[in-house]
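> Before anything else, here's the structure in question.
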């Protein structure tokens with residue numbers, strides 16, 4: 001399983017598998033602590049993002065964010081020539097965090113082990129973007145800073161413009177899909193009859 005996991009569940013632009021790891025690497029983690037930290041942040045912001053977008057749109061945005069943040073990571077790795085595998089949900093989670101912080105910039109946040117220090121969501125987002133920008137510019141290898149930035153920028157863009165441009169205009173595509181399915185089920189084969 002190690003070879004399969006490394007090939008399909010870690011993202012690396014020099015790998016023989018490029019597309020499927022863009023999504024699948026979002027579901028793999030280096031350690032239990034890595035997964036626990038990511039899932040805690042996702043859990044912390046999940047009720048807010050689902051309230052903003054609804055369940056279906058949240059799932060669509062989250063999965064898209066995994067692919068988009070990995071693509072940004074690929075571009076950064078190609079530009080710098082540093083081909084190291086990446087994994088984890090943090091790029092997609094950064095989309096969730098950035099979307100919530102963009103829509104609710106005055107919300108109060110705190111760090112889990114230091115609850116006495118509070119700050120606004122807007123300031124937290126600025127600090128995270130500054131940290132990841134510095135990490136990318138200075139070549140830090142602590143995190144996949146490019147994936148974090150890609151996720152954050154996607155989240156900010158989506159709640160500002162993407163919801164209106166994409167989600168609210170999906171109806172013609174959904175209607176065409178249902179019409180195509182209805183025509184195919186009516187031609188015999190595996191369709192249900194009423």
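Just so you know, glycine gets a Cβ as well, placed from its N, Cα and C.
Annotations in TrEMBL come from automatic prediction, not curation.
Below are the features listed in TrEMBL for this protein:
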- 22-162: domain 'Peptidase S54 rhomboid' (DOMAIN)
- 21-43: transmembrane segment (TRANSMEM)
- 49-75: transmembrane segment (TRANSMEM)
- 111-131: transmembrane segment (TRANSMEM)
> For the transmembrane segment (21-43), give me same-chain residues lying six or more residues beyond its boundaries with a C-beta closer than 8 angstroms to one of its C-beta atoms, as numbers and ranges.
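Distal contacts: 5, 7-12, 15, 63, 66-67, 70-71, 74, 86-93, 96-97, 112.
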> I'd like the per-state residue tally for the domain 'Peptidase S54 rhomboid' (22-162) from DSSP, helix first, then strand, then coil.
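Residue counts for the domain 'Peptidase S54 rhomboid' (22-162) by secondary structure: 104 helix, 12 strand, 25 coil.
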